[in-house]
Amino acid sequence: MQATQPRLSFWQIWNVSFGFLGVQFGFALQNANVSRILSDLGADLHSLSLFWLVAPIMGLIVQPIVGSASDRTWNRLGRRRPFILAGAIAAVLGMILLPNAPIFVAFLAPMVMGALMVALMDASFNVCFQPFRSLVSDMVPPSQRNVGYSIQSLLINIGAVIGSILPFVLTNVIGLENTAQMGEVAPSVVWAFYIGATVLLGTVIWTVVRTKEYAPDEYNRYKGLTEEQPATEKAPLGQRLSEFFTLVKDMPKTMKQLAVVQFFSWFALFIMWVYTTPAITQHIWNVDKQWFDPAYIAAAPMVPETIIMAKGAAGDWVGILFAAYSVFAAIFSIFLAKLADKFGRKTVYASSLALGGLSYVSFLLFQDLTMINVNLVITEVTVPLGAVKLLIPMVGVGIAWAAILAMPYAMLAGALPANKTGVYMGIFNFTVAAPQIVSGLTAGWILSSVFDNDAKYIIVVAGVSMLIGAVSVFFVNEADKQEIEEAQGA
């Protein structure tokens, strides 16, 4: 007989997800600065998306393995916490080494070292991500699941805001240099990664210490499992692999339908993360695309100081834009659960994606080279007016991001059998990783062959993709109770 799972207080739910703030802090630093770092280390626009392929490939490999392993793990730290802590420690190592890639030039080319550290960071973030998702599903009762994932979304966005804006703050408030010669990394970026590593480890330790996972017998009672069900997970490797592929084949219908939405959503997000920096530098700071060609730069007698300064300023402003969409996402996530309860998850999800798609497309409308002084409270900067206007579409991007972080997982959690939540959450990451891989393999070619390296147009492609994702939401059928019970017994 299934026992009633106890409701959690606000702070208990907060503690379950608090470590995600630090993980997202590091992830935001990576998203806002890796293209900048790799460009400074010698990558051209076409190859940027190929270097970024490391992220989804790591997710594709790591998350299903970690999901399955965490479903079968019970030790003194619990079920999910050992993986969260191990992933955080490895991520910290990558965050310290990545901005120092030029130091290892005697052993490896900076580009190679940078790519390896991006791979380490991505693998480590993925080790953290999936167990955090499953921890919410484990600890938060169904009646509080919308709230649980909304709090997680809020914390993610708080971390993203601080992580995104940090290099800008270190330059414009603390006074660290934000420019770098080819083959080097700007000091403001280096120190931002050091601070991010510290925050990541501290918040993860908080969650590990403050959250007490259920013992196996308690978990089984709350989830309606028998002792025999989890025991079957101790089968030989060959049998487990066979069961894994059976799970993929028989995944819930809701999960298959959400995969279509995820494809178009994450295809768009990948483009945004990879190409916002060159798009803003070209379109808003009016830097010619030739200054993103390493061969041209190498052949030039010198890179004009105005180009170096513009690239540094644009890179910092991308952090402001990413922080802005994270702020709007954090605000929207506060109301997300109530909106979903009132209007339905599908309506809120689709509307959010549509707004995000239109916001991407609107990037074309905001070029204005007029230089103005902007008071940001903590400092005052001089930027093109178009840069300030780009804060407007960040509202829509933030709303879409909040929905992407919460809605598919809230819809999916209700469709999964409790004894297979971890492995299915890991499998669901295929729907995050696969579109990014497709985007990484195609976006660079589209940019160079179709748009002649004019990066603003690839952002429009991202907008069209997200609009298609919005339409796809209406074809998702949320699981009913009978479906869940059938999957539970499978």
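Yeah, the Cβs are placed from backbone N, Cα and C, and that goes for glycine too.
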- Note on the structure: Which range of 12-30, 297-315 is transmembrane segment in TrEMBL? It is 12-30
- For the transmembrane segment (190-209), name the stretch out of 104-129, 149-170, 258-276, 348-366 with the most CB-CB pairs under 8 Å. 149-170
- Message: If we skip the immediate neighbours and take only residues 6+ beyond the ends of the transmembrane segment (386-411), which ones have a Cβ under 8 Å from one of its Cβ atoms?
- Response: 133, 145-146, 149-150, 152-153, 156-157, 254, 258, 261-262, 265-266, 269, 272, 280, 283-285, 317, 321, 324-333, 336, 340, 345, 348-349, 352-353, 355-360, 362-363, 366-369, 372, 374, 425, 428, 466, 476, 478
- Should the transmembrane segment (12-30) and the transmembrane segment (423-451) be scored as in contact, given a threshold of at least 3 Cβ pairs under 8 Å and pairs 6 or more apart? no
- How does the model score the domain 'Major facilitator superfamily (MFS) profile' (12-481) in terms of mean pLDDT? 84
- State the residues, same chain only, that lie 6 or more residues beyond the ends of the transmembrane segment (348-366) and have a CB under 8 A from a CB inside it; answer 'none' if no residue qualifies. 261, 265, 268, 272, 279, 283-284, 332, 336, 339-340, 386, 389-390, 392-397, 399-404, 407-408, 411, 456, 459-460, 462-471, 473-474
- Close approaches to the transmembrane segment (258-276) from elsewhere in its chain (Cβ under 8 angstroms; 6 or more beyond its ends): 31, 35, 45, 48-49, 52, 56, 318, 321-322, 349, 353, 356-357, 360, 397, 400-401, 404, 408, 411-412, 428, 430-432, 434-436, 438-440, 443, 447, 455, 458-459, 461-463, 465-466, 468-469, 472-473, 475-476
- Item | Considering the transmembrane segment (423-451), which listed stretch of 149-170, 317-336, 457-476 counts the most C-beta pairs under 8 Å | 457-476
